[in-house]
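Engineer: Before I ask anything, let me first share the structure, which is written out below as structure tokens.
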């Protein structure tokens with residue numbers, strides 16, 4: 001094996017070999033186990049969230065594969081409607097100076113397919129870099145032929161069951177992209193704005209209790225007053241009780257609107273009077289329905305003012321009454337209209353006052369423009385009938401959330417479901433399978449031929465297909481079963497559905513998880529006709545944040561690319577990556593400064609295994625993770641530790657008799673028996689942690705055993721045997737070295753696939769295992785074997801460790817060289833202590849550098865000593881000639897002074913109220929850690945000083 005571990009030399013060639021040899025495919029043997037990857041956007045590239053979730057999924061997949069399950073990790077990508085269309089539109093404009101309208105729908109869609117063929121595979125290439133053991137031969141795309149058929153089938157069936165309908169309702173409208181968007185694509189931003197207090201004149205000479213002929217409404221959106229249908233007051237608000245049912249003469253448009261009583265108006269907020277605009281506000285829309293108010297749309301698709309308000313009944317039917325808009329406002333952008341309307345109110349003497357006001361403004365996450373609630377004709381799914389079985393599936397335990405607390409989030413959404421708007425005004429996506437005749441009649445079917453056949457429509461009648469496409473989440477909701485061949489009842493569907501676990505983020509529990517549950521329960525039944533769930537467990541991950549706890553985003557310039565941590569990146573390239581193509585270039589200077597400070601030397605290459613192990617080790621259930629480059633560095637060192645330990649094993653076993661192929665006698669040392677027992681305990685804990693989705697505890701278990709038990713202790717304890725033992729003892733230790741390392745590599749493999757495969761290929765033949773044309777990933781996962789745990793050996797070796805540590809502590813405290821042989825005096829020795837010393841003399845002599853043991857009948861006979869204890873056994877080392885007391889006290893005093901100075905500085909900082917109130921949490925945590933460190937150092941140094949002074 002090479003002297004140093006270099007992941008770049010092994011990773012990519014290994015992966016290619018695994019894929020070519022078909023190791024990722026289901027074996028066809030054993031209990032089925034399946035995971036469906038959340039399909040990443042085809043436009044996307046790997047980010048830390050992907051790396052985190054993919055590490056968890058691959059760990060589970062490899063774990064179950066090695067346990068003998070018939071394992072499928074289903075891979076695929078999402079067509080990502082808006083994201084893909086925008087990307088190709090930008091490319092088209094940059095390269096050819098054209099818009100999609102210049103090309104026309106068909107040619108533009110062909111352009112997107114061309115782009116997908118050329119560039120759409122970026123994320124799948126990156127998935128390979130992570131070591132993802134997905135079955136690439138089964139890769140799906142949400143717009144491939146099979147999935148497109150499934151989407152049409154679901155739409156047609158739901159429509160026949162009256163669960164899909166077309167209606168005029170309020171949606172999040174993006175005036176730049178000209179499409180409805182989902183709540184998830186809306187980014188709410190806190191902004192400083194204004195609250196305009198407007199006077200609305202009362203009609204018919206009506207007066208308020210205090211004699212005014214108007215009431216005052218407060219609004220942050222004066223422009224929408226053109227579409228007002230009423231004013232609401234609280235039914236318990238005595239100021240306005242006499243006005244309920246009376247009318248207002250709406251300024252500028254001179255339209256009469258009613259005053260209604262509704263709980264939506266808060267009598268303690270503002271003036272207590274709320275203008276109601278059902279066509280341009282979601283809350284107002286609900287009030288409007290309750291009072292059967294008309295809906296008056298005042299905006300076109302660009303959010304500019306119409307020439308005439310479009311009027312509809314509260315349930316979306318066209319109305320015949322006029323809602324005129326003054327010509328001077330026609331065609332004005334909504335924000336220009338706002339200024340014009342406020343100016344008119346001021347001119348009319350109807351502007352009461354303007355107040356500064358903080359408000360939350362919805363922006364399109366891709367277009368960056370303010371989203372407008374707009375009345376449009378859209379297709380909807382009736383969610384309520386689908387939601388009840390979906391709630392029951394979680395209540396009765398058919399689906400479990402890990403951590404369980406996310407069930408509450410799920411239920412809070414499911415108890416307040418609204419009908420789902422599934423149409424989008426885009427060209428890229430699943431086109432809605434509905435056709436219209438010239439009179440506007442709508443027909444739904446799988447294709448035009450079916451529509452004509454089922455509705456007896458002659459070929460001479462012109463039909464035109466709906467221009468809209470389906471929400472991307474609609475096809476994603478069918479992911480677990482459409483990927484397995486539905487609507488056909490395929491063997492894959494019977495074998496791998498329901499899937500075992502879904503790994504996802506909390507932010508899409510409603511948008512994706514709940515919809516998958518609803519759709520799957522509705523369409524998929526088992527052999528007994530019982531509705532099937534899409535997955536048995538939902539494992540919910542937190543977000544990965546930067547080291548200060550801030551969300552990673554391009555605008556903050558704190559995004560970390562997983563591949564940069566795997567391969568490394570130079571500082572200049574990193575700066576360019578973080579500051580190039582920014583939406584807000586003015587932030588670039590600060591981002592560059594911060595990047596140069598934090599990553600002065602760029603980012604070193606750490607390899608895939610170190611990244612995966614870090615992600616697993618930080619995966620405490622459901623909590624957000626503050627990324628820590630130091631931990632990544634630490635786990636890169638862990639890979640080195642494993643590599644070097646394996647080299648030690650190979651150097652001491654290759655071309656030696658390791659006792660696997662012969663009947664020659666093997667004698668296991670106490671250390672051999674101990675490490676075998678320790679390994680079994682590790683197998684037990686690690687397996688339990690993975691079964692319970694505690695990847696953090698599983699990683700920690702591996703780390704503790706590998707670094708502290710196997711490397712720090714066992715390898716050291718083998719040296720006396722390998723250098724001085726007889727043949728049987730050496731054979732026993734070599735056999736144990738190989739047995740434990742080979743088994744440990746199999747245990748580690750699910751989390752760290754590359755390094756374990758590389759070492760296993762060298763180690764396994766020494767254990768008599770065949771490695772030609774096979775891989776560690778298809779070997780058996782270690783199973784806990786209680787018979788291999790020798791309790792007496794475990795106790796005895798732990799005692800030996802404590803004894804050695806006691807000697808090392810004395811050396812450390814007294815600054816005695818580790819290589820200096822010592823004489824040891826022992827008092828209060830039990831018969832077990834005596835036995836253990838006699839049986840393990842070679843270990844103690846070698847690892848603690850002890851040349852002589854003396855048992856004392858009376859410890860008062862001992863000269864001046866430094867002492868320590870193992871249980872009741874007192875271990876004493878005579879100090880005469882070992883240390884210079886004065887020099888040692890001088891050294892300790894210097895260290896003490898340094899610790900006290902550091903302690904005082906931190907205490908002063910934490911006593912500063914301004915610092916504590918303004919510092920980020922991560923900074924405070926670091927200061928508190930320093931406080932504990934300096935306090936601890938001071939305590940230990942004072943103890944040390946007292947000991948030396950007592951000599």
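Going from the start of the chain as shown, residues are counted 1 onward.
Glycine is no exception: its Cβ is also placed from the backbone N, Cα and C atoms.
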Engineer: Give the range, chosen from 541-545, 546-550, 551-555, 556-560, that Swiss-Prot lists as motif ''KMSKS' region'.
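Structural biologist: Based on what Swiss-Prot states, motif ''KMSKS' region' spans 551-555.
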Engineer: Which whole number is the mean pLDDT over the motif ''HIGH' region' (40-50)?
Structural biologist: 87
Engineer: Which number gives the other C-beta atoms within 10 angstroms of the C-beta of residue 554 (ATP binding site), all protein chains shown included?
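Structural biologist: Total other Cβ atoms inside 10 Å, all chains included: 15.
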Engineer: Under DSSP, the motif ''HIGH' region' (40-50) has how many residues in helix, strand and coil?
Structural biologist: 3 helix, 1 strand, 7 coil
Engineer: Provide the three-state DSSP residue tally for the motif ''KMSKS' region' (551-555): helix first, then strand, then coil.
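Structural biologist: Counts, helix then strand then coil: 0 helix, 1 strand, 4 coil.
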